[in-house]
Number of protein chains: 2
Amino acid sequence: MNKINISEKFGLFSEEWTPKILAESNGQLVKIAKGTGELVWHIHENEDELFIVFKGQLTLQLRNGDVVLNAGEMYVVPKGVEHCPTAEPDTHFMMVEPSSTEHTGEHQSEVTVSSEKQEWI
Amino acid sequence: MNKINISEKFGLFSEEWTPKILAESNGQLVKIAKGTGELVWHIHENEDELFIVFKGQLTLQLRNGDVVLNAGEMYVVPKGVEHCPTAEPDTHFMMVEPSSTEHTGEHQSEVTVSSEKQEWI
């Protein structure tokens with residue numbers, strides 16, 4: 001593989017809440033996404049989900065409180081914990097999660113991007 | 001868990017080539033480290049190793065060429081690929097790797113920090 005420049009990769013797409021895959025490591029995928037506003041409440045029953053924010057502000061709403069992440073901050077949503085990401089305009093973030101992880105967990109909606117449709121960039 | 005501010009965590013230690021653990025996710029550990037100069041050639045037979053550079057320049061020497069990573073760049077060293085990290089002074093980087101990954105692979109030396117001695121911060 002070639003090295004990956006993360007900010008260059010963010011420059012290659014504009015869709016929001018549509019994860020793009022950068023790399024695979026030990027069965028987990030490194031993805032980046034942009035977001036504005038609210039995604040949807042969902043649960044990943046079997047997968048922890050690591051978030052790192054690169055730009056803007058990503059709030060991980062949990063049922064027992066919000067985790068507000070600014071650029072340079074990270075958080076792991078443990079498996080089985082219901083969450084709903086919300087983002088300030090043009091927020092950029094990275095996720096590391098198993099390749100089996102569904103975008104919006106058990107909750108399928110019009111915003112869901114199935115794993116098969118998540119592209120490598 | 002609380003959210004993690006990555007640059008604050010880099011401010012908590014000064015040792016070089018001594019990974020500090022920030023988080024666990026799906027059996028993998030998120031670690032940060034500082035480095036200057038050369039570590040040692042080694043192989044992780046069973047684990048891919050993801051590197052993301054936050055400051056400075058980290059060169060992953062491979063037997064078939066160097067991968068030079070500046071801040072904002074990442075690379076996955078595949079399992080079984082011999083490598084030797086070298087770094088410009090005060091380089092800061094993150095690694096994501098299984099908890100089973102030994103610091104310098106099969107190569108034990110005076111610079112090796114065993115998994116049991118890698119601290120959470």
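A Cβ is built for glycine as well, from the same backbone N, Cα and C atoms used for every other residue.
As annotated by TrEMBL, domain 'Cupin type-2' applies to B:29-94. Annotated region 'Disordered' per TrEMBL: B:98-121, in sequence order.
Across the domain 'Cupin type-2' (B:29-94), the prediction's mean pLDDT works out to 97. Secondary structure counts, DSSP: the region 'Disordered' (B:98-121) has 3 helix, 2 strand, 19 coil.
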